Amino acid sequence: MHPSRMALIRPPLFSSYRFGSLLMEPSSTPGPARNARRSNRRMRHPDKDVDKRVRELDAERDPLSLPEEIVSEVTRAGGRVGIPAKDQSPKQALNINDLQKLEHDELLALAETEGLQEIAALPRQELVFRLLKARMSANGLMYGEGTLEILPDGFGFLRSAQYHYLSCPDDIYVSPSQIRRFGLHTGSHVAGQIRPPKENERYFALLRIEAINHADPMQRQRQKPFDDLTPLHPRTRIVTEHDSQELSTRVVDLFTPIGFGQRGLIVSPPRAGKTMLMQSLARGVLNNYPDAYVVVLLIDERPEEVTDMEREIQSPQCEVISSTFDEPPARHIQVAQMVVEKAKRMVESGTDVVIFLDSITRLARAFNSDSDSATGKLLTGGLDAGAMQKPKSIFGSARKVEEGGSLTILATALVDTGSRMDDVIFEEFKGTGNLEIVLDQDLVARRVWPAIDLTRSGTRREEMLLDQEEHRRIETLRRDLAEHSPVDSMTELIKRMRKTQNNAEFLMSVHPQD
């Protein structure tokens, strides 16, 4: 083509432009130049949606995601998104979380009822996925919720606590524009309407956000971030006593009182009863504080211990999240970070959260094995110099905040395991907490339960949690028991406590010294 003709169809350059300014006025120039200008005008003529998109960009607003555009178009056309048909039965109206809570046998029976084929060999997650696709193809949109995990690429997925926050086929995709618009972070509990995956998609997609952390989505933007909240000393006591025959919680309430926002270590040798102690404390919190949210986080644990914990502690206000010893270290790290981030979002909303972590020693081992935390500098026992930074950050998240809400973490630390690394990990955490419950090997050998060393266990600033008269009587009791060995002290204490129905009655029998 001749250079002069090429110049005629070359679009003008602008540093700041509007699509409308690119339209050329009609010209009476005859010949090829006129045809070229007409062609150029056709090329630059915007379609009917271009002006709208430019106005959005000029206003510096995030563009709508594809799912949100679908909702917008349906609403503009006079339809309503996510409304089931009138003849839809209540059973068909189950949301994604209702299906995730069903047992495998119940899912199979439901799939057979709805006519699904070749389902006998499907794993549980795939069965839920097939059921959801079948229902959504018949009834349209459904409702879903989960805990958000934001990936490095900017998008995220809603994970389910039923699957211990593992990646599953029925996870719900959340677009980057939705994350930016509502200021979402990892750990946010998001609920809304979802749509099924298209032909070239693998996951369900979130269409419209209806709730964030069980509140209005716009309320999230008015909340202060967790790191900007003001930490305080624990002042509100957690009473775990709930059964007169459950002596472990009664002993803890007297000698190591726990407050909302406590950061405590349960120092335990092998087979000292730390798991049973955590179960008793968790049951006490759930029984006495129905508004508190309890999470039992089991890291590098045996599968049978996980099953036992799930059956012993059952409550709508409790989660048992685990990553067993056959999982890779990266999985331990991911589940721990998800649990702590979710707890932070709940604290921002004013909720009291209590996490029982078993164990922080194994979590530190996982970070030590993670290549992202490695610095190449080894300490005693083979511990990397940078491996403790993130576990300390997780443990240090526990606090009572002035704006309302609290995060309490009670973590077990393993000692006397024969591993030098475990001893170094315990020394790193020693002094970072404000509560220690020390379990004694001699008490375990004598079969004395609870195996708590009363002289080495205690709470910092316990006078802020106890009544003045109660504190005086406990101090007198401590002095009396300190004159004996740990075995004799606990044996005598158990004998006296079994004669009373509760701690208040027991303390009345203690005469304080002036």
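We number each residue from 1, going along the chain as drawn.
Note that Cβ sites are derived from N, Cα and C of the backbone, with glycine treated the same way.
Not measured: the values here are computed from a predicted model.
So that you can see what the record holds, here are the features copied from Swiss-Prot:
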- 25-52: region 'Disordered' (REGION)
- 35-45: compositional bias 'Basic residues' (COMPBIAS)
- 141-216: domain 'Rho RNA-BD' (DOMAIN)
- G259, F260, G261, Q262, R263, G264, R271, A272, G273, K274, T275, M276, R302: ATP binding site (BINDING)
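Swiss-Prot feature annotations superimposed on the structure.
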{"residue": "G259", "record": "ATP binding site", "DSSP class": "strand"}
{"residue": "R271", "record": "ATP binding site", "DSSP class": "coil"}
{"residue": "R302", "record": "ATP binding site", "DSSP class": "coil"}
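As a summary of secondary structure, the domain 'Rho RNA-BD' (141-216) carries 10 helix, 33 strand, 33 coil according to DSSP.
Fewest Cβ neighbours within 10 Å among the binding-site residues G259, G261, G273: this applies to G273. Across the residues annotated as binding ATP (G259, F260, G261, Q262, R263, G264, R271, A272, G273, K274, T275, M276, R302), the two Cα atoms farthest apart lie 30 Å from each other. Cβ neighbour count within 10 Å across all protein chains ranks R263 highest among the binding-site residues R263, R271, R302.
Sequence-distant neighbours of T275 (ATP binding site) (same chain, 6+ residues apart, CB-CB distance under 8 A): E305, M309, D358.
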